[in-house]
Ligand code: ATP
Ligand code: MG
Ligand code: MG
């Protein structure tokens, strides 16, 4: 589907029109150091969407240059999530497959007098770099000869030096107003086993050196990244040029997606997972793709949401209500309606014959009549919601209270005649009478009722668990330097309820989505739901204050 116009599209269009390019190749380049989140979905939609609109191609490339943080589990989950979002990559690449070529390009830089081995520590390098107002200081090793550098770099590769004892740096300009150009580190020593290359390497390229080479090797025409790399663009271009790559990709930056009441950095997400604030990377409260999938968000809703947030240089914070809006829109016509009681209260229809029952017809989706009808059992004892009865109702309460009559959805009018309390004063049972003439679908119109409530037949009811979610991160009133995001984790972000559902849902499949009347849209939890014992995650409630 065509995405609306934006500044990146305009650049690509011009490049094709002026003949600067005759084709388009983009890439989505995650580092496999965590699971993808909805911010990544934005990058995915932009990269795949734009290439697709211009008949181009998109690679999935694992930017796996940091062995300490990377893992095969993340590689697998990323592939699954990109596919689930509905995108097919053209080629699958690993940056680590280019380590030989990257090494050769580094040697080329050394030979050109544009790179040197430095013995300064990481702290010293930072100190020597200077600040925005203060020029940097040259390292005493900056003037090593190419010969000496070649020898040292080779010995770094062979494993002669300990982690942190030597680095390879670009020789650019220690006085540059752009700090990224003050002799950035290109390679570091790290005696770590890599998930793809094993123990072949003990030196690893830095992002700023590796990324432009990866793009150039793959023939990427437009390298799209987020705005924090804007200042790195001169370095990106320097690497491509000085390494004498045939292909010169163009880096273009766009604003990150941020969403209210959540965190969106893999580092923070990993902390929430590792410290068990949540139930794994796919916890339904997380903005990870796998968490959102488990919660019940659809790929379609995520794509539409991301497109609506647009492509610009700015990175505003988007209200999570907008995401909810798109999932409601997507499920409105697709999700079957059903009745589920989350906080059950027994209701006995005293004038309904004991031992008898009947099957009632109920439409599956009033907004989509093609979905047909289902049959639901009805008899003398049913469950209703506790909140649908009040002994002493406030004004405008139209549900059950002594003497009041309501409609049971798809069934009959019932009138509250009596109720029973336990020793502690809790209402435990409601007694009603029903009027057989008021059956749903009949043309009864002698009197009207103001409230309609849902219910589940007690003898046929299937027990079910319902999980209701609130935002994981609470609003922070003001900036407080003493606090971290963990201080704002909402302890009440999950509420688990044990209730009942209609019997036809007893063996419902994982990931099925439906709407429980009055409660919202729910998804069958793929991890904990079992045949006969379903677990439902609430995706969103029905109410929305959000308008596009
Ligand atoms: P994080 O800060 O969450 O760890 P990252 O940028 O380090 O994210 P990468 O694996 O490098 O994660 O991301 C792959 C691609 O996704 C990059 O091009 C990155 O710019 C993009 N991306 C990551 N987060 C967002 C976001 N919130 N909005 C838009 N694009 C994003
Ligand atoms: Mg990154
Ligand atoms: Mg990161």
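Using N, Cα and C of the backbone, Cβ positions are placed for all residues, glycine too.
TrEMBL annotations: computationally assigned, not manually curated.
Here TrEMBL gives motif ''KMSKS' region' for one range in the set 263-267, 268-272, 273-277: that range is 263-267. TrEMBL assigns the feature motif ''HIGH' region' to residues 30-40, out of the candidate ranges 19-29, 30-40, 41-51. Only 31 of the binding-site residues listed as 31, 38, 42, 207, 226 bring a Cβ under 6 Å of any atom of ligand 2; the order follows the sequence. With a cut-off of 6 Å between Cβ and the nearest atom of ligand 1, the binding-site residues 31, 33, 40, 226, 257, 265 reduce to 31, 40, 226, 257, 265. The distance from the Cα of residue 40 (ATP binding site) to the Cα of residue 207 (L-glutamine binding site) comes to 18 Å. Nearest in space to residue 207 (L-glutamine binding site), taking C-alpha to C-alpha distance over the binding-site residues 31, 33, 42, 265, is 31. Across the fold, the C-alpha of residue 38 (ATP binding site) and the C-alpha of residue 63 (L-glutamine binding site) stand 18 Å from each other. Recorded residues residue 226 (ATP binding site) and residue 63 (L-glutamine binding site) have their alpha carbons 15 Å apart, per Cα-Cα distance. The Cβ neighbour count for residue 226 (ATP binding site), using a 10 Å radius over every protein chain in view, is 15.
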